C-alpha cells in the first residue's frame, strides 16, 4: 500500500485559486481526514489525488510514482491510478443492479465470472447489502446506497480509498453506525484512506491524522488531540470545537486577560506583544466563592447571562470584561441567570496566539510550568 | 513520451504547454468538440453570413441597376427594400401587418389562455384533468390546419376553386372575414393560447401558496391577493410566453400564406417568400436580415426582462400545493367556456376538414353527397389528380420523404444534441463549450423562413468542394438539423447537467476508459432523454412548413409542402386530407411520445 505525497501543489481555475502551496504526506495505511469549511479546497485536493482534476503547479506522487506534475508534463489518467473514490452523492449507476454496480470494477479488470461473483458476494455480505443484489439503486434507502457505494470501491481492493463527505447525507444515527463501519473497514483492509469532511466530530472520531485546510492552504497537520488541544492558529482553534473556543484579545481591559498577559510577560518578554488568547469552553470553571479559587489559575469576576441545556450538558453564557464567554459543563450548574461569580481557567488551558493569529509555542512552554 | 522526457524537469514554458495539451487531449471529448464546432460553424454561421452578404453585394443580373460588378458592394438592395417607391409594399406594410397581427394575437391569447390556465390549474371546474390535456391540442396541430379549415368554411368568390361552405349555403362572407388580418389573427391566437395555458398554468401550479396565505392572514381579500401578489409574481412566466409567441409570429408563414394571398395581405415571411420566388436574392437577403434582427432584438428584450423578473423566487417547497378556488354557481359556466374553446379550436376545424374530404359539394348534408372518392377513388371526373389521395404516388413519395428527411435529421440532431451537452459539460477547454452552446442556440433567434433563405443563399450553387444542394434532400436534412439544434442541444445539455459528472467519474476512477464509459454508463443512463431528443424534433419537423417551403422542390416535397402545393392548385379536398393526416401524425406522435417517456411533452414542444 503506497503513501501519497503532495509537494507545493497549486490549483487555480482562471483567476480563482482553490489550493495553494499544499505540502502533505499521507503515510501508507494511514486514515487521513481533510477538514475545513466549504470552499477551503479539500474536495479539490481529493479530486486532484484521484486525477479528476489536474494540478496547476507542484507535484503529486503515489508511492514513488509521480502521477501528476505540470513541470514534467506528467499526468496519469484517473482510470490508471487504481484508486477508489466514494462520492458525497454516492454516484451509483442507476441503470445497473446493486450486484452489477459492485462488480463493475472487477469486470473491467477482466476478473472471471465465478471469481467475480464470489468477490462481489463477499463484499456485499461484509457490508450487509447482499440481500439487495438484484435491486436497482433507486429502490434503496440512503444508508443502503451509501454501503453500495463503499462496496463498489472495496470490491476491487484499491490501494487508496478516497471518500468525499460520504456520510453527510445520512441521518445522525446512521452516520454513527457508518463511522464505526468505516473504522472497521480501515482496520481489516489496511487501506490508505483520505477522507474529506467539514464535520469536525467525524474527523476527530475517524482519523489517525487530520489536515485542517482553509482558503486553499494547509493550516495544521496533526493527530486529533493535537488539533484540538494545540491548534496551530486562530483559524484552527475557532473552526474546531463546539461550542466554539472563546477568543480574548490581549488589548482587552479584562482581569483574566491582563493577568495572563502579565504572567507571560514576566517570564517571556517576547510574548507581551499584541495578540490573543483562546480558552476552550470546557476548561472554564466557575466558583461563587472567591476564596475557593486556585492560586495557579487565572480568574476574573463574571455574571451569568444565560444557561442553555443541551441534553446531558449545559452551556453557560458568562459576561466578563464587557464581552460574552461560553462555558460548557457536564455537571448541572447550580447557578441562575444574573448571578455574580468568578470564572477560572487553568494556565495549561490557555492557547496564546500572536498578532498574526499563529500559536506562540514559547507560551505553551511557560504555561506548562505554571500548571506544575 | 520521448518529447516529455526530453523536457523533463525543465519546467519551462514548452513543458507546461505540453502538459496542458496532454490534459486537453487526454480524452476525445475536446477533439469531438472541435469537430462539432467546425460543423456547426459551417451549418449555422456560414449560411447566415452568406445571406447577409447577399443583401449588400450585387447579385447576378442586377449589374446595371447597381452599377457595379456581380459581387461588388452596393446599397441598392437596402435602398430598394427600405426607401424606394415599392418599399411600402415590400417591407413597411408587411412589417406593420406582422407587428399588428403579432400583438393582437398576443392580446387575445393572454385573455383566453390566462383565464383558461387559471380555471384548469386553480379552480374546481368540471373535467379539469381532461381539459388540462385537451386545451393543449391546438398547439400540437400545425397552425395552418386551421387556416385550411377556415378557407373551407369562409372562402368566397374572390378566389377560384371549390366554394366555401357559407358561399354554397348562399351567404357570401365579406373579404375581411374570409381572408387577411382578421382570420390570421384569430387562428394564430387559437394556436398560441395553449402556449399561455402551459407556461402560465405551470407557474400558477408551482406558486407557493404560503405567499398567498401570508397575505390572507394579514387581511387581504381575494381580489387584492390576485392583483398585488399573484399577478406581479406571474410576470416572468407571462413575459416569456409573450416573447415566445411574438418570436413565433415573426416567422409564421403557412397561415399568412393561405389566408393572406387572396387579398394581397403580406407579412414579412410571405414577402420574403415572394422575393425568393421572383429571384430577388438581394432584397430577400435584406428581408431575411430584418427578420433575424427582429428575432434577436425580441430575445434580447426577453433576456433583459426575465433577468429583471428573476429577482423573486415564486417556487416554494412545501407550500407549492395545488390550492383550488371554489367556483360555486359559476362552475358550469366555466366548464362551458373551456368546452367552447375546445370546440372552436379543435373540434370545428378538424371536423370541417374531415367533412370536406368526404363530400362532393360543400355543405350539402345529403346521403348521396358523401363519398370516399377523394381518399380512395379512381378515374375521377377531374382535370388532374384523377384518383384519391391515398392512391396518388406523389402523396406516398411525400410521405416517404417526410419520414426520411425528418427522421434522419431528428436522429442526427438528437445525437449531436447529446454530444454537445456532453462536450459542454465535460471539456476542460471552456471556450469550446461556450462556443458550442451559443452557436447551437443561434438558430433559435432566426425564424425558420429566414434560416431557409440563408440555406438557399449558401447551397443554391456549388461552392468549393460542396456541390449545389438545392433540389436534393440534403439541403432539407442539413437545414432541419441546424434548425433543430437549439432544442436538441438544450435537451442534451439539461440531460447531462442532471446526470452530473459523478456517475461517470466513479466509473473513471474504477478504471473505465472514455469509450467504455460512453457505451456502458453515459448512453444507457441517457437512453430515455435520447429518445425524447429524437422524438420531439421529429414531431415538430413533421408539421413544420416555413423551413421546407423555400427549400423543397416537387421531387423533394414533404407532406406539408405537398399539401401547400395542392392548395395552390385548388385541390381543396386532397390538400385537406393531407393536412388532416399531418395533424393526426403530429397529435398521435406527441401522445405516443408522452406515453413512452411518461412525461408531459406538450411543454417541450418548441417547434
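Positions of Cβ are set from backbone N, Cα and C atoms, glycine also.
Looking at B:363-383, B:468-488, the range annotated in TrEMBL as transmembrane segment turns out to be B:468-488. Between the listed ranges B:6-29, B:30-53, TrEMBL ties the annotation transmembrane segment to B:30-53.
Checking the ranges B:57-82, B:395-420 against TrEMBL, the transmembrane segment annotation falls on B:395-420.
Comparing B:131-150, B:395-420, B:468-488, B:530-553 for CB pairs under 8 angstroms to the transmembrane segment (B:30-53), the maximum falls on B:468-488. Away from its own ends, the transmembrane segment (B:282-306) comes close to residues 48, 51-59, 62, 74, 76-78, 80-82, 90-91, 95, 236, 239-240, 243-244, 246-247, 250-251, 268-269, 271-272, 275-276, 444-447, 449-450, 453-454, 457 of its chain (Cβ-Cβ under 8 Å, at least six residues beyond either end). Within its own chain, the transmembrane segment (B:131-150) has Cβ neighbours under 8 Å at 116, 119-121, 125, 183-184, 187-188, 190-195, 197-198, 201, 252, 254-255, 257-259, 338, 341-342, 345-346, 348-350, 352-353, 539, 543-545, 560, 567, 575-576, 579-580, 582-583, 586-587, 590, 602, 605, counting only residues six or more beyond its boundaries.
Counted over residue pairs 6 or more apart, the CB atoms of the transmembrane segment (B:468-488) and the transmembrane segment (B:395-420) come under 8 Å in at least three pairs, which marks the two as touching.
Highest Cβ contact count with the transmembrane segment (B:395-420) among the listed stretches B:99-119, B:182-204, B:225-247, B:441-462, B:530-553 falls to B:530-553 (criterion: pairs under 8 Å). Tertiary neighbourhood of the transmembrane segment (B:327-355): same-chain residues 112, 115-116, 119-120, 123-127, 131, 134-135, 137-138, 141, 145-146, 148-150, 152-153, 165, 190-191, 193, 576, 579-580, 583, selected by CB-CB distance under 8 Å and a gap of 6+ residues from either end.
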